[in-house]
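Engineer: Below are the structure tokens for one structure; questions will follow.
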Amino acid sequence: MQGSSLLPGLCFLLSLSGVVAQKTKGTCRSCPLYASCVNDTHCTCNHGYISESRQKYFTYPLEICEETTPSETTSSMKEVVENIESLLTNKTVWETEKMKNITATFTSILQKVESVVLETALKAPDQKLQKVQNRTVAVETRVVTDDCSTGVIFNLNAQTNSMDIHCSDIIQGNTQGPSAVAFISYSSLGNIINASFFEKVNEKDQVYLNSQVVSAAIGPKRNTSLSQAVTLSFQHVKIKPSIKKVFCVYWKGTKEGGHWSTEGCFLIQANKTHSICNSTHLSSFAVLMAFDTQEKDPTLTVITYVGLSLSLLCLLLAALTFLLCKAIQNTSTSLHLQLSLCLFLAHLLFLTAFDRTEVKVLCAIIAGALHYLYLASFTWMLLEGLHLFLTARNLTVVNRSSVNRFMKKLMFPVGYGVPAVIVAISAAFRPQLYGTRDHCWLNLNQKFIWAFLGPVCAIICVNFVCFILVLWILKRKLSSLNSEVSTIQNLKMLTLKATAQLFILGCTWCLGILQMGSAARVMAYLFTIINSLQGFFIFLVYCLLSQQVRKWFGEIIKSKSEPELHTLSSRFGPDSKPSEGGIFPGQVY
């Protein structure tokens, strides 16, 4: 008899969803007034009524169905929730509907569930707040019986989700009777109507439904448009740190059935555990996410931190060398110094704040600072290439001095002014694209990354042209030179610096741009290794390979050792002898 006792409830649930035809009162002639027959065996009172014996299903022909009182309405809401749970967990129904249009059935179920919940809430206006929850569905309703005070906002919670709605949108100008709002959360509907029904789904992004499906409705006027947006808060079903995109969606019913749509839904804020959305209308909602399929490589992380730490040390030493070594101080050294300072600050900010995404405004500021510092580094690279070309073209002393005067007037306005203009324009047009959910860097959406890659590619191309021209000029000069040793050495040093300039300042970022396809992993390793060692290369080429700097280092070491020798000689003296029993004078053992 246990199986037969479940049949009445199942038939009632199917009648609620429209999956099976509803049995009418005329099917069972013995059912009393305000009652309906189920399974041709039992009677049950209609919604809003309860049997005199308080039994849900009965066969007694003289049973009376009475209108429910407010105290009995709560149990009626519980019964509705239980019926919804039975329907949603009925695998036979969903397996049958897979052969049909499951989206149309889903749309019908959502609408009828909302109607039944609102109807039940409006029958008990004295119970302004009702909450019912089980393992499958949670319902919270609120009834408004009077005019709303200005600015009153109601908060409804169902399971781990919530909704904020303005009271004026609930009453919709209805002053003749009570109005109600219902907030319903479904635990398992996302397994049936998942992200494959998303209108923007594509093969590039693997989109997943990462929240519970919730429904929001108001009555008795079933108006879905609102004067002020509702705020929906969702707790994520799965917590993943590598979130690429977040979509706030609603279920849009169509003639063909329905699908998830972003129309009128906007993402306000999202972190690893929650997403907050706004919607200008009421419907059923969910959160879809595209997760980043590229997992972090721990080896690359170690290489980055070790390499950048070494680079910071070398850049600091290089900057001190350019400042303190008077033998090499000239226009070229000033360019090297500014380049080293910009790279030092950029690498330091990258190491300490690149992943500080907790505060959105702070993250945007960090991203803008990194954008500026790296662009400034490239601009100083451009000035170095230009200076190298002009120096190679004008090898005479007179011309070289004119080149230096020109570069001194040009380098600071260009070196720091051009990057500032680019960042200011980018921030003015797309301020929201500074900072992502994972990193404080430029957002890849709307091709905003080209605000950085565009100038970088242009500088690399100009540097490459300068390098070719320098080589051509050097070849021509070498063919016309005599055997003057100093000039030949200068030209060799210019050639070495031109080669190092192209490799250090250009090739590393070319590898970064080429991180795509099957060679992406190899390019990522090459880019990370070479780019993180830029400081070491600068210190090596411009300091350690410079004869003047090596001589300066030697003088420093020599000057430090001479005072020690002078101190020892002054303490011993030319004729002094150690005393008996001791090493130093006056020491006796």
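Even glycines carry a Cβ here, placed using N, Cα and C.
Marked as domain 'GAIN-B' by TrEMBL: 127-295. The feature region 'Disordered' is assigned by TrEMBL to 568-589. Positions annotated as signal peptide by TrEMBL: 1-21. Marked as transmembrane segment by TrEMBL: 302-323, 335-353, 359-383, 410-429, 449-474, 494-516, 522-545.
Describe the structural context of these features.
Structural biologist: For the transmembrane segment (335-353), the residues of the chain that approach it from at least six positions outside its boundaries are 305, 308-309, 311-312, 315-316, 318-319, 322-323, 366, 369-370, 373-374, 376-377, 380-381, 383-384, 387, 407, 411, 415, 440, 534-535, 538, 542, judged by C-beta separation under 8 angstroms.
Within its own chain, the transmembrane segment (359-383) is flanked in space by residues 269, 335, 338-339, 342-343, 345-346, 349-350, 353, 407, 410-411, 414-416, 418-420, 422-423, 426-427, 431, 434-435, 440-442, 451-452, 455-456, 459, 462-463, 501, 505-506, which lie at least six positions past its ends and keep a Cβ under 8 Å from the stretch.
If you look at the transmembrane segment (410-429), the same-chain residues 6 or more away from its ends with a CB under 8 A from one of its CBs are 331, 334-335, 338, 368, 371-372, 375-376, 379-380, 383, 448, 451, 455.
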Engineer: If I take every residue in the domain 'GAIN-B' (127-295) and average their pLDDT values, what number comes out?
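Structural biologist: When the pLDDT values over the domain 'GAIN-B' (127-295) are averaged, the result is 85.
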